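Visitor: I am attaching a structure below and will ask some questions about it afterwards.
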């Protein structure tokens, strides 16, 4: 009861195809250059945007940009994220800038023409 040469070759090729797929899927990093690097950064960073060199606070002794990091060497997702810009505060995100007025804060208008009656009288004088 032997296995034919064709079946054993088919099993071997199937195993090799499966193994190569798994190894490629678990490869942690790859080289990215040119438009592929820019597209990947846009995908990773999204609306935040990105820098081609790291911000000054994250620079090591030897300053390298993302091209040196990812095109000439392999880079992973964590390294790509270090080049993302910090998100800008949106106009709708005002929770930190809201000032709470005390209950005893005066609520009367301050200024010459803030009171409606004063403004109305001035307007009537101009019409005359």
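Cβ coordinates are placed from backbone N, Cα and C, and glycine is handled just like the others.
I grabbed these lines from Swiss-Prot:
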type: SIGNAL; residues: 1-24; note: signal peptide
type: REGION; residues: 25-52; note: region 'B'
type: DISULFID; residues: 33-71; note: disulfide bond
type: DISULFID; residues: 45-84; note: disulfide bond
type: SITE; residues: 48; note: site 'Important for interaction with integrin'
type: REGION; residues: 53-64; note: region 'C'
type: SITE; residues: 58; note: site 'Important for interaction with integrin'
type: SITE; residues: 61; note: site 'Important for interaction with integrin'
type: SITE; residues: 62; note: site 'Important for interaction with integrin'
type: REGION; residues: 65-85; note: region 'A'
type: DISULFID; residues: 70-75; note: disulfide bond
type: REGION; residues: 86-91; note: region 'D'
Visitor: Within the region 'B' (25-52), how many residues are helix, strand or coil going by DSSP?
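Guide: Looking at the region 'B' (25-52) with DSSP, the answer is 16 helix, 2 strand, 10 coil.
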Visitor: Can you name the recorded positions among 45, 48, 75, 84 whose CA is within 10 A of the CA of residue 33 (disulfide bond)?
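Guide: None, since no candidate lies within 10 Å.
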Visitor: Where's the emptiest Cβ shell within 10 Å among the disulfide-bonded residues 45, 70?
Guide: 45
Visitor: To the nearest whole angstrom, what is the C-alpha distance linking residue 48 (site 'Important for interaction with integrin') and residue 84 (disulfide bond)?
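Guide: That separation, Cα to Cα, works out to 7 Å.
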Visitor: What same-chain residues lie close to the region 'A' (65-85): Cβ under 8 Å, and 6 or more beyond its ends?
Guide: 28-34, 37, 40-41, 44-45, 48-54, 58
Visitor: Where does residue 70 (disulfide bond) sit in the DSSP three-state scheme?
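Guide: DSSP assigns residue 70 (disulfide bond) to helix.
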Visitor: Going along the chain, which residues six or more apart from residue 84 (disulfide bond) have their CB under 8 A from its CB?
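Guide: For residue 84 (disulfide bond), the qualifying residues are 41, 44, 45, 48, 49, 50, 51.
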Visitor: Quick one: of 33, 71, 75, which of the disulfide-bonded residues has the smallest count of other CB atoms within 10 A?
Guide: 33
Visitor: Would you mind giving the whole-number mean pLDDT across the region 'A' (65-85)?
Guide: 88
Visitor: How many neighbouring Cβ atoms, not counting its own, are there within 10 Å of the Cβ of residue 48 (site 'Important for interaction with integrin')?
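Guide: Excluding its own Cβ, residue 48 (site 'Important for interaction with integrin') sees 12 Cβ atoms within 10 Å.
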